[in-house]
Amino acid sequence: MEEYVIEMLNIRKEFSGFVANDNITLQLKKGEIHALLGENGAGKSTLMNVLFGLYQPEAGEIKVKGESVNITDPNVANDLGIGMVHQHFMLVDTFTVTENIILGKETSKGGVIDIKTAEEEVRKISERYGLAVDPQAKISDISVGMQQRVEILKTLYRGAEILIFDEPTAVLTPQEIKELIQILKTLINEGKSIILITHKLKEIMEVCDRVTVIRKGKGIGTVNVSETNPTDLASLMVGREVTFKTEKTEAKPTSDVLLINDLVVKDSRGVEAVRGLNLNVRAGEIVGIAGVDGNGQSELIEAITGLRKADKGSIKLNNKEILNLPPRKITESGLAHIPQDRHKHGLVLNYSVGENMVLQTYYQKPFSRSGIMNFKQIFDKARSLISEFDVRTPSEFTPARALSGGNQQKAIIGREVDRNPDILIAAQPTRGLDVGAIEFIHQRLIDQRDNGKAVLLISFELEEIMNVSDRIAVIYEGEIVAVVDPKETTEQELGLLMAGSKRQEAGEETNV
Amino acid sequence: MSSRMRNILIPIIAVLLGVLVGTIIMIVSGYDAVAGFQALWNGAFGDIYFTGEVVRQVTPYILAGLAVAFAFRTGLFNIGVEGQLIVGWVAAVWVGVSFDLPKIFHLPLAVLAAAVAGALWAFIPGYLKAKFRVHEVIVTIMLNYTALHITNHFIRTVLSDGKERSENIATTASLRSPFFEGLTEYSRMHWGIFIAIICAIIMWFILEKTTRGFELRAVGFNEHASQYAGMNVKQNIILSMVISGTFAGLAGAMEGLGTFGYTAIKGGFTGVGFDGIAVALLGANTAIGVVLAAILFGSLKVGALNMPLEAGIPNELVDIIIALIIFFVASSYIIRWFIDRISKKGAK
Ligand SMILES: Nc1ncnc2c1ncn2[C@@H]1O[C@H](COP(=O)(O)OP(=O)(O)OP(=O)(O)O)[C@@H](O)[C@H]1O
Ligand SMILES: [Mg+2]
């Protein structure tokens, strides 16, 4: 009978009339990795927030180890051994790893916080699960991947037996994903049970034992991973056939839209992150930038879009110098940008979806006339974008904050593509999107190209780069070290280039 | 609960809690609570004179509240309303005593001087924040003291020859209203209330209707996204402080041109600027909310003067009761902040 550690039975959750979870059942066996799969806005995060005590369900029952429980808040969840790693981390930037972990559960000696003991404890747990976290490091100094491990440590420190991961891989680089998967396996070996939300079917096939599929708030069913395949899973989740390879014709590039010469950009610490970079993107083509995270991609995009000052070089958009112009000037010259960090740059979360849809154009007609906003026009526009890009939101007046992660992303993409820019800079555009949405977005990028526009795609996912790009530029230590044709290269070759092998050879040659 | 409901309900609960605890304190200290509150009510509305005085007190409260609320809505915490008010007051009086002009020029000029002085005083923290990321709270607190001492010096040297107060302003610069005075049995109620109401409408209009307001609010919510969207973040931060300071300076004009008609050396702060923080919080930082909260605060402040006279309740106790109401208002704000944080977490 004690087969299940967690049973969520017939859960229903509404948000002022909108049903996010409708009679969903999920049963977690001890020692398994259980995937939760569903489209953007299907209700996955909501369901997990119910389990973690952040939301109260309107109906249904939750059992932990066979006993019916009432999880009124996250502390109750902690006490029941349930821990959650959120998609957007909840860490205090200026605190150290240990301080963050003990926050709210401080060990003290005579009223003084006992950091030493806590650090020791953190180090021990970290070693046991192979997390390799430095307990004394400051959060603002460590990578996103490390921050995620701190979140994992936090749950383990609180004695979690059941761990919930909400889209943990969406923010990670391919290398970090490999390491995370290793960590998940270690956790299982140590007797933990895991619920994993992910849109990446490959990951599900690789590590999960069973998968529960939900669609538009309703439970579709639970299947054994060994008895299914990615194609079936995708159609279960979307409710139709999904093709994984995007169809496209040969590119017909013409003249340069974006031309970058000898660009030098420093990062926030003052170190040169982009070092004499050269790149061109022509009308009618998609150029993909492949590279390991931290090789100057972010600084490059920020310099092109005007968010960061460049030190040297030239960036020409339609033959006009745009280097170090203010972002508005650059936008008006025909550039659009899907930013990498949607919460930081892409959205004003407290603004409605409608207001976010005009974030760059709010001052133009017809949205504004002689300094007065015309909200009717704005919300009309928003409505049409919402339906065109299938943004699942209760309405255009809903605050962007209340949208599911994937739908926030779709809203941004809709806004940027709709401006029909001469060049579209797309940084990780499909991060956190479901397979159906990814297919749709890729198609929109290709349409953009076919209409004679230029697209610059930055992605850590080689598969995406290979599928969508017409040319691939490999970035390594702030330079483009190679430009290759996706039809004539392999992931292996790209991997070597990204690791800097070509450049080394070239360097040796000049040394001789 | 919808956020609108919450915004209305929380302040009401806070005031009721303040009244409740005030009652308990009065009873425990051996005073007649019912008589106390009756005296409070009579002191504010029992007589047309008192009501005129309430309006007089409400006028600067509205403007000070708007100043705090405007900054707050655009992501800034203007603790410096007090200092901006003081420089506004003195600037208005300076124009009031030093020029000889017909009323249609003199009064507007004096009001304008107060607005500009407040705006300039607020420009400093705005500029420092925009340019050097210096936190506005620290700068505005320091500028409050600076304002106090500089204006005292100015009053002693420029507005008088080493005396404690300036001359009275010319009648051509006065906001005094014989009409209202006649209506309210010679209370000090003056025309300024219209300026305050118009400013409330202006604040609502700027924030909710104009393109600039859209930018100001966006910058307040998320600087990064605003920069990405092509807004000039620094300019908006400065502008927000300047508008806030304008309201604060006008609050000073109400005192200088309306209530008193002169300015005098101050041993300490007027308190109106700080009460403005409570007014803004109670009013949930909306224009209409600020007006309503200012009415409440003005009534309490004026009505309380009657409690020692009519019910024999000592002044100190009256201050405690008022402080309690402010305390509950402020803590209700904290409660709201917690509610928001938790639901944010949930919504992510
Ligand atoms: N606090 C909220 N208020 C109103 N609606 C909400 C709230 N939170 C979520 N929703 C709605 O509930 C639905 C389900 O959202 P949820 O975040 O659970 O989706 P999800 O399956 O996690 O999607 P994604 O893969 O995009 O993260 C969405 O349509 C969303 O707009
Ligand atoms: Mg989600």
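Cβ from N, Cα, C; glycine included.
As written in TrEMBL, here are the features:
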TRANSMEM  B:12-34  transmembrane segment
TRANSMEM  B:54-72  transmembrane segment
TRANSMEM  B:79-99  transmembrane segment
TRANSMEM  B:105-124  transmembrane segment
TRANSMEM  B:189-207  transmembrane segment
TRANSMEM  B:237-265  transmembrane segment
TRANSMEM  B:277-300  transmembrane segment
TRANSMEM  B:320-339  transmembrane segment
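Just going by CB pairs under 8 A, the stretch in B:79-99, B:189-207, B:237-265, B:277-300 that sits most against the transmembrane segment (B:105-124) is B:237-265. Outside the transmembrane segment (B:12-34), and at least 6 residues removed from its termini, the chain residues within Cβ reach (under 8 Å) are 282, 296, 311-313, 317, 320-321, 324-329, 331-332.
The stretch from B:79-99, B:189-207, B:237-265 that makes the most Cβ contacts under 8 Å with the transmembrane segment (B:54-72) is B:237-265. In this chain, the transmembrane segment (B:79-99) does not touch the transmembrane segment (B:189-207); fewer than three CB pairs sit within less than 8 A of each other, excluding pairs fewer than 6 residues apart.
For the transmembrane segment (B:237-265), the residues of the chain that approach it from at least six positions outside its boundaries are 56, 59-60, 63-64, 66-68, 70-71, 74-76, 78, 80-81, 84-93, 96, 107, 110-111, 113-123, 125-127, 129-130, 136, 151-152, 155-156, 159, 164-169, 173-176, 188, 190-192, 195-196, 199, 203, 206, 212, 216, 219-220, 272-273, 276, judged by C-beta separation under 8 angstroms. Sequence-distant contacts of the transmembrane segment (B:79-99) (same chain, at least 6 residues past either end, Cβ-Cβ under 8 Å): 60, 64, 67-68, 106, 109-111, 113-122, 125, 136-137, 139-141, 143-148, 150-151, 154-155, 158-159, 166-170, 173-174, 244-245, 248-253, 255-257, 261-263, 266, 269-274, 276-277.
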